[in-house]
Amino acid sequence: MSSENGVTGEGAEGAPPEQLALIRESVRKAKVPRAKPRTWRGAALAKQLPVARVLVDKGVLHLDRYFDYAVPEELDADAQPGVRVRVRFGAGRGRVRDGRREGGGLIDGFLIERLAESDYSGPLAALAQVVSPERVLSEELLGLARAVADRYAGSLADVLQLAVPPRSARAEQRPSPAPLPPPGAPQAGSWGRYERGSAFLESLATGGAPRAVWNALPGPEWSEELARAVAATLSSGRGALVVVPDGRAVARVDAALTAVLGEGRHAVLTADAGPEKRYREWLAVRRGAVRAVVGTRAAMFAPVQDLGLVALWDDGDDSHSEPHAPQPHAREVLLLRAAQDKCAFLLGSWSCTVEAAQLVESGWAGPLVASREQVRAVAPLVRTVGDQDLARDEAARAARLPTLAWQAVREGLRHGPVLVQVPRRGYVPRMACGNCRAPARCRHCSGPLEGQESGAALKCGWCGREEPAWHCPECGGFRLRAQVVGARRTAEELGRAFPAVPVRTSGREHVLDTVPGAPALVVSTPGAEPVAEGGYAAALLLDGWAMLGRPDLRAGEDALRRWIAAAALVRGQGAGGTVVVVAEPTLRPVQALVRWDPVGHAVRELGERAELGFPPVSRMAAVSGTGEALAGFLSAVELPVEAEVLGPVPLPVTTGGGPRRVGAPPVGEQWERVLVRVPPGRGAALASALKAAQAARMAARGEGVVWVRVDPPDIG
DNA sequence: AGCACGCCGACT
DNA sequence: GTCGGCGTGCTC
């Protein structure tokens with residue numbers, strides 16, 4: 001070890017650390033060249049490993065650089081890897097005031113590791129404070145955070161902000177309960193309904209790391225099935241983590257875990273628990289007192305010790321997408337965790353995303369599915385009402401309520417509650433074929449065509465090219481129509497049509513958890529459907545057009561997922577359960593609903609995405625900023641050679657007032673956006689290029705900010 | 001981002 | 001000579 005860089009503990013006999021700055025001050029006055037490293041001669045430093053490598057928590061500024069600090073002797077014991085520290089961080093060589101050296105202000109950081117010496121050639125400042133001896137940042141969590149930062153071209157500090165909850169001293173003071181010994185292996189329960197279900201549980205219980213995409217049968221059993229997978233993993237002596245989309249799902253899995261495991265074996269991590277309780281639960285997990293976790297998306301980082309299983313429910317739900325930078329998706333984070341910890345992976349849903357299908361198609365995960373007979377036995381009968389039916393149906397055109405729907409509701413109400421799903425308001429209409437309703441796409445890059453004012457040319461939402469002579473590649477038609485919105489009124493009319501029956505509503509403001517099994521009309525927006533005791537007798541899914549006409553790539557998948565989520569609450573067709581969907585029966589998502597084949601739908605969708613160069617087969621990133629800032633960024637970034645830049649296109653100007661959209665430019669500023677697309681396998685190269693350019697831009701003080709978003713959710 | 005350092009023109 | 005303009009670059 002070199003005494004040149006000082007921090008070797010060699011100078012313990014000299015001046016106290018505060019005087020270091022004075023020493024350096026006099027050195028400077030003596031005009032010794034500054035390049036020569038000076039020593040911390042005289043500082044009372046830790047005798048072993050006197051250097052602390054620290055991640056300074058200061059936004060995007062540093063982009064994953066560590067800074068070395070000297071460890072004063074009195075902090076030696078507490079300054080362990082993983083603790084929160086405070087350090088002085090600021091410009092210049094520091095001023096001297098009252099005999100103390102003062103850099104910038106005190107800022108927070110994490111102690112990453114202790115070293116014998118630093119590779120930094122200047123003098124080291126001392127750690128100012130160890131905030132608490134609790135080692136919150138484990139090596140695994142750091143590795144995961146780093147992988148997530150790389151995947152999303154974000155900074156480590158940003159990811160750690162998502163991964164480590166704010167400290168609460170009171171929560172730290174309390175001792176966590178003593179860990180319980182592993183439970184015995186559970187029964188397979190209803191996992192026997194799936195072809196390889198029992199084998200999957202067996203593998204978990206014997207320490208294996210199976211990976212599966214699980215297409216769950218409709219009905220309420222899924223939460224118990226998840227709980228049994230957790231129990232099997234615990235019985236192997238390992239920990240397990242379950243991430244679900246919302247508080248209602250957490251409550252279901254929580255109850256199932258209590259039923260299967262008993263009290264005290266699992267923690268619940270949700271954002272709405274309040275900071276102290278949340279940190280207390282998190283600490284119990286970190287300390288190894290609790291080995292099983294269920295929670296919403298922030299729990300994806302839960303520091304479960306000796307992780308044996310990560311499980312995710314309903315990855316198509318967009319609440320799995322973290323809104324804070326760098327906006328990681330729970331599915332991708334859990335994929336990274338499964339790879340890093342070599343643990344089992346379970347991705348379950350009633351429906352199926354293209355990403356899930358890709359995991360199976362690529363061979364990374366196996367399918368966990370029930371036989372067609374099983375599906376037919378538990379799924380409701382699905383019927384459709386398309387345009388032709390509506391055209392023939394004069395009464396329906398007036399009331400917008402088709403006869404078939406009317407009959408299904410009336411018949412259903414004789415046997416129990418009937419669910420009516422109405423879409424939420426607020427999606428942008430885009431252009432589709434007026435004849436067959438296929439979305440109108442750009443012939444160059446397959447982006448969505450956006451309608452201008454009537455008469456004006458169509459323009460691509462991705463590359464900005466005009467389309468002067470569009471015709472439909474599906475049916476040859478060349479009439480366009482904007483997709484229409486609006487359905488709440490239909491439900492109100494429905495309520496008036498059945499005056500003897502109570503109408504209950506469940507939506508954003510007021511979400512019902514369950515409804516009794518008595519006849520009632522239950523009007524709900526997607527995602528807010530209450531569970532009915534004994535299942536709904538029937539469900540009516542209104543305005544499929546609105547759902548399918550949504551601008552983004554996932555319109556079909558999303559519509560199917562929402563329909564299936566509602567239909568999964570309906571009794572099986574053997575028990576008379578019926579679903580009526582008002583949508584064209586020739587459309588692919590509608591057919592998939594009728595056949596109850598979400599996996600087949602996702603597989604076909606995946607094939608198409610591969611052909612068109614869409615994610616998740618290729619990877620995309622969106623970069624946005626003012627025209628000037630964007631141009632500057634694009635001229636500086638060294639993209640992988642395969643990368644394709646689409647655009648720029650102007651973004652809609654954010655207007656003041658009303659709810660601010662996440663990811664929208666500052667109010668009143670005209671921003672532009674490009675999409676960058678790379679082929680399979682080049683995602684990491686793309687992310688690293690974008691990150692490097694961002695970092696260089698910060699250092700060079702480039703004009704204006706650009707936002708980088710890997711896996712943009714709204715690509716048309 | 002702050003903040004100090006440094007290399008140029010007008011002042012006691 | 002030296003006080004201080006803001007252009008550059010660093011922060012352990």
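Even glycines carry a Cβ here, placed using N, Cα and C.
TrEMBL does not curate its annotations; it predicts them automatically.
Positions annotated as Zn(2+) 1 binding site by TrEMBL: A:C433, A:C436, A:C472, A:C475. Residues annotated as Zn(2+) 2 binding site in TrEMBL: A:C442, A:C445, A:C460, A:C463. The annotation compositional bias 'Pro residues' is assigned in TrEMBL to A:176-185. The feature domain 'Primosomal protein N' 3' DNA-binding' is assigned by TrEMBL to A:54-165. Here TrEMBL flags A:166-189 as region 'Disordered'.
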Restricting to the same chain and to residues at least six past its boundaries, which positions have a Cβ under 8 Å from a Cβ of the region 'Disordered' (A:166-189)? 84, 131-132, 134, 136, 197-198, 201-202, 205, 224-225, 228, 231-232, 234-237, 260-262, 264-265, 275-277, 279-280, 283-284, 287-291
So for A:C436 (Zn(2+) 1 binding site), how many other CB atoms are inside 10 Å of its CB? 14
Argmin Cα dist to A:C442 (Zn(2+) 2 binding site) over the binding-site residues A:C433, A:C472, A:C475 returns A:C472
So what sits near A:C475 (Zn(2+) 1 binding site) in its own chain, CB-to-CB under 8 Å and at least six residues off in sequence? A:C433, A:N435, A:C436, A:A438
Secondary structure composition of the compositional bias 'Pro residues' (A:176-185) [DSSP: H/G/I, E/B, coil]: 0 helix, 0 strand, 10 coil
Around the recorded Zn(2+) 1 site (A:C433, A:C436, A:C472, A:C475), other residues with Cβ within 8 Å of the Cβ centre, ordered by sequence, are A:G434, A:N435, A:R437, A:A438, A:P473, A:E474, A:G476, A:G477
